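Taken straight from TrEMBL:
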COMPBIAS  64-74  compositional bias 'Basic and acidic residues'
COMPBIAS  498-508  compositional bias 'Basic and acidic residues'
COMPBIAS  509-519  compositional bias 'Basic residues'
DOMAIN    15-50  domain 'EF-hand'
DOMAIN    366-468  domain 'FAD-binding FR-type'
REGION    51-74  region 'Disordered'
REGION    498-544  region 'Disordered'
TRANSMEM  141-169  transmembrane segment
TRANSMEM  181-206  transmembrane segment
TRANSMEM  238-257  transmembrane segment
TRANSMEM  290-311  transmembrane segment
TRANSMEM  323-341  transmembrane segment
Amino acid sequence: MDGPITKANDTLDPLTDEEITSFFNDLDTDKDGYVTFAEIEAKLHQVHEELAPEPKRHHLNHPSRRDVEKGEEDCHPGNGLHAFLCALMPDCGAKVDRHAFAARVKAWEVPSQRQTATDDHNSDGDATQLRQMPRRRHIRAYLAVHGPRLCFLAFVIALQLAFGLWQLISYLLNMEVRAALGWGVVIAKVCAGVLYPTLFFMLLSMSRHFATLLRRSYWVSRFVDWDRSQSFHIKMSLVGLFFASLHAIGHLTGSFLTGSRPSRQQAVAQILGPDAVPRPYVAYVRSLPGWSGIVALGLFWTITLLSMPVIRKRMYEIFQMGHLLMFPMIGLLCAHGTAALLQAPMLGYWLAFPTLLVLGERLHRLIRGFMRVPARVRMLDDHTVLVTCRHPRGRDWRYSAGQYILLQVPQVSVFQWHPFTISSCQGDELQVHIKLDGDWTNALSDVLPENEDICVGADGPFGAPAQRFYDYDYAIVVGGGIGITPFAAILTDLEQHEDERRDPWAERRRSRSLSRRRSQAGESDTIKAKDSQDTTPSDQRTSRRRVDFHWTVREKNNLLWFSDLLNRAIDGAQPQEDTKDILELHINTHITAKRKNISTHIFRYLLDSYRTDAAPYSALTGLKQPSHFGRPDFDKILDKHFDEMVASGTQERRVVVFYCGAPVVGEILSDKCHSLTTRARHMGLRIRYDFLMEVFG
């Protein structure tokens, strides 16, 4: 078509005749059967005000863009919206009839509203697609998404069952204890056996440093789903509370009552000694195991009640202070079995290691809270805050792409530490993007002065789910909304490595090879050498890499957070065929919000596609690459990726598909990865698509 229009490379489902007629009628305000240039311009101004109520530098009515383009020759210098219309309709007169207008609109190649629809009916398409899958494929896709979590939960449940059965068999065979204390002691001891691994993993899941350390092990990271540690901690807490309560019921209403009966005193004397009888009910309660267990259970219930979602969301300080009760609770639990009345004490040994880890981390965080980090807060839009932290000593931050920090802002709350993914880290500057969703995050915009220096507390960085990105030469990364921050960190990391002429893939492989050799300590030098030769999922050692980013947002304003970074990445990823090392970078943005008004729909698409030589970026989003409107069709996206690899002559490759979002889409992506792998195998190719669903946060 005519004019400086750049469109996304989508399969076009064009506007229907009904939609074009509706567009004409919306513009023809005087209903004379013609649309005038003035009517079109008035509607464009109205739509532009709706789409951009606060003009940014890339919008057509912003002075900075008019200044950039004032040297260009257009039909109306200084008026960006008028120039935009001149580019759309260069050969049209002041008055256009219905037939000529329809021909011109068809030449714009605007997609139909049906193609970009994201209403409730279409959003159910993913679930419908899953229901239509054959059962075997559906199960395989489900396990690919939820498998690691289920596998680890199965391991934990197996431990709980094993220790519970051990205690059950031990006390079923111990006739003396049953004769003295009855069946209540069997119930209590079975629950105690279940509690050993339950409390161990409950505490261990609270250690962020331990999770970060074990992420360096390739095989441990494949087995343990560190990204859902909070959900796992809640599950273990509820299971622990249930069996702790049942343990107390077994004693208080079972063994204590039975053991205090006169007819059982002789049997009690045989297991506790002659000095222990006569032993009334209150003696059991006043004993060290009795009162310590009752108080510990009370603390456990208190912590649980103070951790209810309504309290955590509205009174986070109370939630945090309530969790400090876990330390006296752990102390009481360790003392609970030291009397060794029926068996040697065991619980203290289970709790010692994770307790020391958590206690050390809390003390470290307390110290870090007094070590203030200079920072600055800036509002990016109505829902996003950017916090930039500078290293207090001017040193470079130790950081890997995709990690997160715990942030404390004293002006909001001294006690609250919240995790945020690092979106950028260059030198001594570290940035996090925060979505305003909750009392604490909303207080950032209400309490803190914008663009003024403040002091914050920062602990970390922790975790690194996105670090596996560098294990693959080819990657497809899919994220939505604020979930793009770890991917933005990867782009920043790529940009920094490019500026410094370093290869992040080679550095990652050296680190991974060292981790695996350490995990295989004791192996022969021959095996170590072999392991160092080829230890990553990228089977081909080549300097050609390809990364496809797909970022899905509801509104175009969400794209403004990283527009400069995305534009720099696009500029830096231009193909350079004369060089040995090639990074092929494809960045795709998808705007999913549907515009019901036909004029808004059409002008939104055209504004995004409009560019000039002086301003080669979208007049809607500010991005150099065009945006896609509507929900992405990942079936077509992955099929196209596969076809391009086959067309390029690729015979062997492992491609990773990272995904962060709704599980239903993850299952569809997982099934597609398996289908493409099977398709490649039937073609005699060794191309494999690995699906990795991550929880970034």
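Please read every residue number as a count from 1 along the shown chain.
Using the three backbone atoms N, Cα and C, a Cβ is placed for every residue, glycine included.
Remember, TrEMBL labels are computer predictions, not curated facts.
Most Cβ pairs under 8 Å with the transmembrane segment (238-257) belong to 290-311, among the candidate stretches 141-169, 290-311, 323-341. Taking every listed stretch (141-169, 181-206, 290-311) in turn, the largest tally of C-beta pairs under 8 A with the transmembrane segment (323-341) is reached by 290-311. Sequence-distant neighbours of the transmembrane segment (141-169) (same chain, 6+ residues past either end, Cβ-Cβ under 8 Å): 130, 133, 186, 189-194, 196-198, 201, 222-225, 228, 232, 235-236, 239, 663, 666-668, 670-671, 673-674, 691, 693. Sorting each residue of the domain 'EF-hand' (15-50) by its DSSP state yields 25 helix, 3 strand, 8 coil.
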